[in-house]
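Per TrEMBL, the feature transmembrane segment maps to A:40-61, A:109-127, A:134-151, A:157-175, A:196-212, A:218-236, A:243-266, A:286-310, A:322-346, A:358-378, A:415-440, A:460-480. What TrEMBL lists as domain 'ABC transmembrane type-1' is A:287-481.
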Amino acid sequence: MTDLSYVRTEMLSERDPPLSTTGVIGWIRENLFNGLSNSVLTLASLAFIYWVLSHFIPWFWSPTWNGTSLGQCREMIGAAGKESGACWGVINERWPQMLFGFYPVEERWRPILAFVLMFVALIPVLFNMISRRWNWFLLALVLFVTTLFVASGWLAVVAQVLLVVAMIWIGRLILVTKVSDRADEIKAGARRLPNPLMFSAAFVFIMPWLLWGGTVWAPIATAFGFVVGWGAFRVLAPVAGSLVAMILGVVAAVVWWLFLVGPVAAGLHGLLPVGLEPVQSRNFGGLLLSVTIGVVAISVSLPLGIVLALGRQSDLMLVKWMSVGFIEFIRGVPLITLLFVASFLLNVFMPPGTNFDIILRVIIMATLFSAAYIAEVVRGGLAALPKGQYEAADALGLDYWKAQRLIIMPQALKISIPGIVSVFIGLFKDTTLVSIIGLLDPIGLSNSIRADVAWNGIVWELYGFIAFLFFIITFLMSRYSMYLERRLRTDHR
Amino acid sequence: MTTLTDPPKESFRLSMLLNDSRYRSITIQIVALIGFLTLIGWLLNNTAQNLADLGKEPSFRFLTQPAGYDINQMLIEYTNQDSNLRAAFVGLLNTLIVAIMGCIAATVVGVIVGVLRLSNNWILARLMTVYVEIFRNVPVLLWIVFTMAILIETLPAPRDFRGDTPEASMLLGDTVALTNRGFYIPEPLFSRSLGDVSLFGQSPLRFDVSLDLIAIMATLLAGVLLAGLFAKRADRIQAATGVRPRTWHWRFGVIVLPTAALLAGLGLHFGYPELRGFNFQGGTYMRNSLIALWLALSLYTAAFVAEIVRAGILAISKGQTEAAAALGLRPRRIMSLVVLPQALRVIVPPLISQYLNLTKNSSLAIAVGYMDITGTLMGITLNQTGRELETVLMTMLIYLVISLVISGAMNVYNNSVKLQER
């Protein structure tokens with residue numbers, strides 16, 4: 001017997017996978033060239049991309065930024081030794097117009113400030129990752145920068161000093177105190193900073209004032225209407241019951257808005273005239289017009305749409321059928337017909353002598369339009385809730401409005417968020433339709449720019465620029481909707 | 001033993017209207033109804049007063065007056081001496097043409113793009129994503145005017161086709177001419193035609209229907225029904241014996257052969273466009289406004305359809321495919337028997353609402369001068385007669401009817417494929 005043995009006693013070490021299945025080569029084989037048809041498709045795609053880029057890049061890369069007319073652009077392109085190219089001079093000359101329309105040049109800080117403030121106001125609504133301190137700090141910073149550019153005189157200095165003090169104080173809170181210490185302090189009774197949503201609510205009234213100007217008392221008096229309504233509700237609720245109190249509160253607010261806002265604002269303005277230079281609606285144009293119509297219509301149509309959805313799901317037969325009729329009518333007709341109504345008919349429907357301006361009329365119709373679509377989305381959310389949620393709310397003894405506010409709506413709105421955002425995207429894109437009834441949104445402006453002798457014949461540059469503007473905004477909105485869906489997803493996947 | 005007495009009969013008190021839930025809903029509804037009727041009455045009153053002040057009492061007499069304008073693309077005969085109602089009818093047909101053509105093209109492109117977005121091929125999937133994002137995020141009106149500009153700026157004018165060495169030439173063996181005025185394509189003609197049948201006599205809604213077309217449609221339909229019978233028979237045999245007989249050649253034959261025989265019998269030939277003078281004659285002429293509207297609407301809507309198709313396919317869980325494979329089905333039959341029927345239930349409702357959107361968006365024809373219902377009734381007729389109220393309301397009503405018909409069809413489909421639960 002020998003000690004020979006052919007049995008291996010230790011394991012072989014693993015070998016590396018073959019080069020062709022790992023790394024870049026492996027990825028390419030896996031994703032681009034696995035099989036004949038896939039390879040053909042890959043090559044065809046590459047050829048298509050090459051074809052597009054080989055035409056687009058030389059056209060795009062054109063030294064015409066300083067051209068002052070189409071003819072001069074052609075000379076510049078010829079001088080560069082190219083056959084054709086884009087004429088970017090038109091964008092260089094007209095981009096302020098494409099953004100602001102005919103808004104007075106010296107007042108353009110107002111729309112800019114309005115939209116920067118809009119983001120500050122939206123932050124607590126859209127994102128919950130930023131603390132109160134950061135939010136107030138941001139607001140003070142924006143206002144401080146604005147005063148540097150806009151205001152002068154002793155009032156501006158006082159405002160700047162106050163804002164700097166506020167920034168230092170909040171900044172110290174941010175830098176010095178730890179979050180946990182601050183939480184302990186608050187638990188012990190220290191004052192918190194006010195909720196930044198207060199500013200968001202106030203911004204609803206600040207924005208029209210900034211854009212249209214006029215006396216500062218008009219938005220204040222308008223906002224006071226909510227105080228009037230709420231006050232009437234609080235006073236009447238113990239006496240007459242919550243339903244009657246709510247109806248009377250609404251009536252009181254409406255009466256205030258219809259009959260008292262004007263005289264009160266005028267009177268206060270007589271006492272203390274503070275205000276901005278008024279800007280007429282017809283001077284609005286370009287992207288400013290689209291964004292104004294979009295933002296106002298979106299913010300008003302959301303509550304309106306929720307009410308309509310509740311009406312449609314209601315047990316009250318008449319309320320239900322009125323909501324259904326309204327929603328189906330609006331959804332059944334194209335927006336352009338509603339804009340024709342705004343342009344031709346809305347003044348006919350109003351009492352004789354009423355003549356409110358076209359932009360307001362368009363905003364009203366756009367609001368009604370998107371409210372109907374929001375209502376359908378929210379109804380989907382309401383219908384998707386399990387019946388148990390409604391029954392549990394009833395079992396807890398909550399009345400209708402409490403059940404909606406505390407149990408139904410938070411869940412239903414969460415489900416409907418992607419739909420709501422896509423309605424908003426659609427509405428924002430549809431604001432371009434106002435060019436058909438003669439308003440100067442970006443597309444309407446592009447037509448009037450082409451009517452200029454210097455730029456007669458410019459097509460691609462203007463359309464491309466408009467498409468770029470809209471693409472950026474709507475793309476960001478759709479990404480935000482995806483982010484929100486992820487954030488609100490509470491199930492485990 | 002005690003006897004239970006009836007609870008005391010409550011007499012009705014006025015406060016019960018508000019505090020008793022039996023009556024409160026009625027109270028609320030009556031208040032809402034009164035509010036609603038007041039609003040309507042107020043609007044009607046204002047309207048009547050305003051119109052009276054303008055001296056324009058509502059009247060539909062303008063519909064029978066001569067329209068006095070020409071329409072450049074029409075399906076039925078129309079002259080500018082015809083009535084406004086007839087012009088509106090021509091416009092309505094134009095709306096329907098572009099809507100139907102757009103829905104078909106959007107479905108085809110959308111399904112292809114949606115499937116390719118799920119492809120294993122990385123570069124192709126990315127390319128399709130870029131397509132979808134670009135088209136979805138730019139307003140449709142911009143696409144329409146942009147496509148119109150492309151057609152006008154890049155295609156050759158008809159005069160470029162002239163001369164011995166023309167700058168442009170016709171496509172597909174000199175049968176199709178793409179010019180910046182529109183597309184000229186071959187038109188089908190019948191040498192032994194059955195003639196037309198005129199409907200609605202001399203009324204403004206009169207139109208002719210080609211009997212040839214009806215005959216062809218009827219033959220095709222009969223062929224498809226017959227083919228369905230063959231498939232049913234195959235199903236029966238398969239259920240009884242387990243072996244499915246091969247029937248595709250029979251099914252193909254009963255659809256194609258009778259139709260081909262009918263076409264030959266009618267003497268089908270094509271009329272080709274020809275350059276005469278400064279323009280093309282003959283063939284079917286599709287104006288560039290129609291082409292631009294059709295292309296832009298269908299490519300824009302296709303981006304949405306692609307997302308719907310993708311979501312529908314992704315909604316079918318992998319277990320379904322694997323279970324079907326475990327049963328021994330081949331990939332094609334897995335698709336047609338297991339995945340598609342379930343995916344369609346998810347896909348079709350949003351797809352039809354996209355069709356609805358496309359139809360409504362076709363009203364943007366007015367931006368490129370295509371004479372649809374918006375361009376005729378709510379466009380030129382409105383401007384010429386000054387009847388804003390009547391024309392706008394009529395146009396809205398027409399769109400509303402189209403929308404309700406489409407969504408009614410959707411409801412019928414939804415009910416037929418609804419999951420039968422308990």
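Positions of Cβ are set from backbone N, Cα and C atoms, glycine also.
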Would you mind listing the long-range same-chain contacts of the transmembrane segment (A:196-212), meaning Cβ under 8 Å and 6+ residues beyond its ends?
110-111, 113-114, 117-118, 120-125, 132, 135-136, 139, 218-220, 222-223, 276, 278-279, 281, 284, 292, 295-296, 299
Which one of these stretches, A:109-127, A:134-151, A:286-310, A:358-378, A:460-480, has the most C-beta pairs shorter than 8 Å to the transmembrane segment (A:415-440)?
A:358-378
List, by number or range, the same-chain residues at least 6 past the transmembrane segment (A:286-310) whose CB is under 8 A from its CB atoms?
97-101, 103, 111, 115, 118, 204, 207-208, 211, 323, 326-327, 359, 362-363, 366-379, 382, 404, 409, 413, 420, 424, 427-428, 431-432, 434, 439-442, 445, 469
For the transmembrane segment (A:218-236), find every same-chain residue at least 6 residues outside the stretch whose CB is under 8 Å from a CB in it, and list them.
202, 205-206, 208-209, 244-246, 248-250, 252-253, 256-257, 260-261, 264-265, 268
Which sequence positions outside the transmembrane segment (A:109-127), separated from its termini by at least 6 residues, show Cβ-Cβ distances below 8 Å to it?
100, 103, 135, 138-139, 142, 146, 149-150, 195-197, 199-200, 203, 206-207, 210-211, 213, 276, 279, 288, 291, 295, 480, 484
